[in-house]
Ligand code: ATR
C-alpha cells in the first residue's frame, strides 16, 4: 500500500491523518497516512528513512517547513517564493517540495464566494503563515496587498521580498488606514484569544474577514468583525482541508471533494 505521513513536532494534535484517510475513502484510493513525531535535529534523517521504507509523499508542519525547503532538490514556484515547504514528493531520486497553504486559502475563499480578482487585500501578520500565502494570492490578480504587522520591519521585509509579484506595501498594525475588500488575519493572536488593535473603521468597511486560525467557537477576530457588522467572516478550517486536498491531488492525481471532510471535522471540534 502507498505510504504517506506528516512530519512535525508536536504532532499529536494533527488532523492530517484523518483528513487524508477521508479523502482516500472518498476517492477509493488505497493508501496509508501516519503522523511522525521528529526530533528537531533529525528532520533530514526522518525523511530519508521514510523514503527508504517506501514512502511516496509527506506533509511537513511546524517547525520543519523551512528545513524542508532547504532539503529539497526541486521546488515549485510558489514554494520557492514562499521559502517554506509543506508537501514533499519524489520524482525518481529527487526530493521535490511544494507549498499548498496559499492555494488552500485561495480555494476556500473562492468556494465561499469571495472575489479575489481586483480585490484590495489587507494581510495582518508577517510570520510564516502570511509569507506562505502571498504568491498564491497574487496569482488571483488582486488590485493590491497591504501587509500590516505589530513589528512593522517584518512587514516591510515581506513587502520588499514579494515586490516583483504585484502591488504590495506595508504598515504597522495600529496605523492601518484605507478601504479593503478582504482582511485576512494571519497572526497567531487568535490562538491566545487576543483582539487585534486594528482601527474599527477599517474592519467595518471590509466585505469579508478571514482568520487563518479556527476553533470550536468563532475566533476573536471573527467576533470583532461580526460586532462591527461585517457580513462575511470565515475561519481557517476550510483552508486546512483545502491545503490537504491540494497535497492529495499532487500525490494521487485526483481531486477530493472537501465538503464531507469539512463537515466531519467541524462536528468534532
Ligand atoms: P506563524 O508561522 O504562525 O506565522 P510566526 O512566524 O511566529 O508564526 O508569526 C506570528 C505572527 O503573529 C507575527 O506576525 C506576530 O507579530 P510580530 O512579528 O510583531 O511578533 C504576530 N502576533 C503574534 N501574537 C500577536 C499579538 N498578540 N498581537 C499582534 N500580533 C501578534
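Glycine is no exception: its Cβ is also placed from the backbone N, Cα and C atoms.
The active site, proton acceptor feature in TrEMBL is assigned to 65. For residue 65 (active site, proton acceptor), the same-chain residues 6+ apart in sequence whose C-beta sits under 8 angstroms from its C-beta are 84, 85, 86, 99, 128, 132. In this structure, residue 65 (active site, proton acceptor) is part of a helix by DSSP.
Under a cutoff of 8 A between CB atoms, and with a sequence separation of 6+ in the same chain, the neighbours of residue 61 (shikimate binding site) are 6, 7, 8, 11, 14, 16, 86. Sequence annotations record features per position, and here TrEMBL assigns shikimate binding site to 14, 15, 16, 61, 86, 101, 214, 243.
Annotation source TrEMBL lists NADP(+) binding site at 77, 125, 126, 127, 128, 129, 149, 150, 151, 152, 153, 154, 212, 236. Every protein chain considered, the tally of other Cβ atoms within 10 Å of the Cβ of residue 212 (NADP(+) binding site) stands at 28. Look at residue 212 (NADP(+) binding site): DSSP puts it in coil.
What TrEMBL records for 6-88 is domain 'Shikimate dehydrogenase substrate binding N-terminal'.
According to TrEMBL, the feature domain 'Quinate/shikimate 5-dehydrogenase/glutamyl-tRNA reductase' maps to 115-190.
Break the domain 'SDH C-terminal' (236-264) down by DSSP state and the numbers are 23 helix, 0 strand, 6 coil. Taken from TrEMBL, the feature domain 'SDH C-terminal' applies to 236-264.
Across the structure, residue 149 (NADP(+) binding site) and residue 214 (shikimate binding site) are spaced 20 Å apart at their Cα atoms. Between the binding-site residues 126, 153, the minimum number of other C-beta atoms within 10 Å of a residue's C-beta occurs at 153.
Of all the binding-site residues in the record (77, 126, 151), the one with the smallest CA separation from residue 243 (shikimate binding site) is 77. Cβ neighbour count for residue 16 (shikimate binding site): 22 (other Cβ atoms within 10 Å of its Cβ, all protein chains included). Beyond the ends of the domain 'SDH C-terminal' (236-264), by six or more residues, the same chain brings 4, 15-16, 18-20, 22-23, 26-27, 29, 31, 56-57, 59, 86-87, 89, 98, 100-101, 103-105, 107-108, 111-112, 210-214 to within a C-beta distance below 8 angstroms of the stretch.
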